[in-house]
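Visitor: Please read through the structure below; I'll follow up with questions.
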Amino acid sequence: MRISVIGTGYLGATHAACMAELGFEVIGVDVDPAKIQRLARGEVPFHEPGLPELLVKHVDSGRLRFTTDYAEVGGWADVHFIGVGTPQKDGENAADMRFVDAAAMSLAEAITRDALIVGKSTVPVGTAARLREAIAARRTENGLPGRVELAWNPEFLREGYAVKDTISPDRLIVGVESAHAEQLLREVYAAPLEQDTPWIATDFQTAELVKVAANAFLATKISFINAFSEITETVGGDIRTLADALGHDSRIGRRFLNAGVGFGGGCLPKDIRALQARVSELGLNRTMQFLNNMDEINLRRRDRVVDLAAQLLAEDRDDDGRTHTTRTQILQGTRIAILGAAFKPHSDDVRDSPALDVANRLFCTGAATAVFDPQANANAAARFPRLDYVGSAEQALRDADLAILLTEWPEFRELDPARVAELMRTPRMIDGRNVLDRTAWDAAGVHTVGLGQHIEPRVRTVGD
Ligand code: UDX
């Protein structure tokens with residue numbers, strides 16, 4: 001079986017390399033020649049553990065090639081996967097479907113034989129049915145030979161675990177309209193199916209919805225525990241113990257109940273907003289009203305970190321009993337170490353990163369911020385060039401008045417608190433991901449506060 005993969009971003013590049021690993025001949029297609037040249041040299045343009053090795057292995061074996069030319073795959077491949085992005089539209093909640101539509105139409109015009117097109121991108125429900133019609137119309141117009149069918153096969157890979165999630169997924173969902181399409185996809189996924197991976201063949205709408213429902217559910221879980229953080233911050237209580245206790249209920253489960261600065265990345269936030277836009281188009285605003293709350297709770301966490309920073313730094317001020325002040329008055333002239341810029345560890349992705357958003361807000365409110373991320377400094381600097389990026393956690397911490405852990409990289413979790421206490425001007429830490437042993441850090445001389453922890457407000461801040 002010959003496979004083409006359209007789009008060579010996180011999803012497409014990983015899918016192409018993994019399909020080669022499963023034994024298929026694969027061609028990756030992208031409209032960006034620079035990206036294609038790098039991949040053809042065996043270079044992955046982003047950080048994804050395990051992917052560079054797989055790419056080099058299969059570029060060298062000749063099983064994996066790359067091109068910018070749709071014509072090259074149109075007469076060649078049996079199955080074409082579409083893995084291009086569906087970013088949030090500028091200034092709107094809706095997903096931008098330009099890239100998916102363009103990929104589908106380019107394939108419709110290039111295919112000259114029997115083939116199956118398989119959509120993997122996350123799309124608003126109804127897209128597959130719309131594309132089925134558009135592809136058929138374009139092919140009839142152009143009088144092209146071959147029977148082309150469409151299927152939808154959502155992708156659930158997590159950044160940082162993309163290779164594992166593609167080769168050994170939790171489940172495989174295919175939206176198909178014929179036994180032939182299902183059979184072809186069973187052949188593609190023969191290896192995971194041998195490992196008893198659950199297989200669900202369904203209609204287009206269900207397949208499209210599984211993906212957005214999964215992401216909305218995960219985001220709900222995170223915002224749910226973060227909403228309880230707002231309660232424990234007010235009345236006291238331990239959010240981590242609450243999450244552990246909830247998690248022991250096997251109907252709930254412990255995963256995705258880590259309270260902290262909230263979710264970000266290229267998927268969860270924009271997929272939720274795209275779902276809101278789609279249900280609104282369908283006249284179902286009330287059905288998904290809770291999604292608004294979820295997004296708001298998530299964004300309020302970032303605000304909480306900024307406020308907590310102001311509360312802690314206010315300890316250094318002599319306010320003559322003044323209780324009302326702005327954040328800028330407190331933050332100006334302070335130096336804050338920002339540990340983490342990626343939206344989560346094991347990734348260099350800074351799209352909608354809570355860490356960077358917080359760093360930027362602190363900077364805009366007058367603090368000098370020294371940012372360090374083990375992988376994401378370059379991407380972060382491209383997005384927020386005015387922040388100060390440094391080459392190590394120690395450099396960030398040196399002479400800082402406050403440190404904030406915002407991405408839970410193992411090297412931050414393993415920092416020696418005694419050494420941190422030596423480095424900082426005033427040893428104080430906000431644990432924005434609730435991963436540090438606060439008792440041990442306090443004992444080592446670093447006053448450590450977690451999100452969800454109650455602290456008595458020292459000053460009342462009145463805005464920025
Ligand atoms: C997500 C989905 O998990 C994946 O199935 C889908 O295909 C793409 O979107 P990803 O964006 O790689 O994957 O990140 P994920 O591991 O889900 O984390 C998303 C965000 O939630 C991160 O910012 C993470 O820090 C945050 N998070 C996660 C929490 O704040 N608390 C948790 O308990 C779990």
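Every residue, even glycine, has its Cβ placed from backbone N, Cα and C.
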Visitor: Based on TrEMBL, name the residue from Lys57, Lys89, Lys344 that is recorded for the same substrate site as Phe156, Leu157, Arg158, Glu159, Lys211, Phe256, Leu257, Asn258, Ala259, Gly260, Gly264.
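Guide: Checking Lys57, Lys89, Lys344 against TrEMBL: the substrate site match is Lys344.
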Visitor: To which of Arg335, Arg351, Arg361 does TrEMBL also attribute binding of NAD(+) at the site defined by Asp30, Lys35, Thr86, Thr122, Glu159, Lys270?
Guide: Arg351
Visitor: Sequence gap of 6 or more, C-beta under 8 Å: which same-chain residues meet both conditions with respect to Lys35 (NAD(+) binding site)?
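Guide: Spatial neighbours, sequence-distant, of Lys35 (NAD(+) binding site): Thr8, Pro45.
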Visitor: Running a distance check here. Ligand 1 versus the binding-site residues Thr122, Phe156, Gly264, Arg351: which have CB less than 6 Å from one of its atoms?
Guide: Phe156, Gly264
Visitor: Whole-number Å distance between the CA of Leu257 (substrate binding site) and the CA of Lys270 (NAD(+) binding site)?
Guide: 20
Visitor: What is the pLDDT of the domain 'UDP-glucose/GDP-mannose dehydrogenase C-terminal' (337-438) when averaged and given as a whole number?
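Guide: On average, pLDDT over the domain 'UDP-glucose/GDP-mannose dehydrogenase C-terminal' (337-438) sits at 98.
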Visitor: If one measures from the C-alpha of Arg351 (NAD(+) binding site) to the C-alpha of Gly264 (substrate binding site), what distance in angstrom results, rounded to a whole number?
Guide: 7
Visitor: Listed NAD(+)-binding residues Asp30, Lys35, Thr86, Thr122, Glu159, Lys270, Arg351 - what's their greatest C-alpha to C-alpha distance in Å?
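Guide: The span, Cα to Cα at its widest, is 24 Å.
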Visitor: Restricting to the same chain and to sequence separations of six or more, state which residues have a Cβ under 8 Å from that of Lys211 (substrate binding site).
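Guide: Listed in sequence order, they are Thr122, Pro154, Glu155, Phe156, Ile173, Asp271.
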Visitor: Need this for a regression test: binding-site residues Arg158, Ala259, Gly264, filtered to those with Cα within 10 Å of Lys270 (NAD(+) binding site). What's left?
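Guide: Of Arg158, Ala259, Gly264, within range: Gly264.
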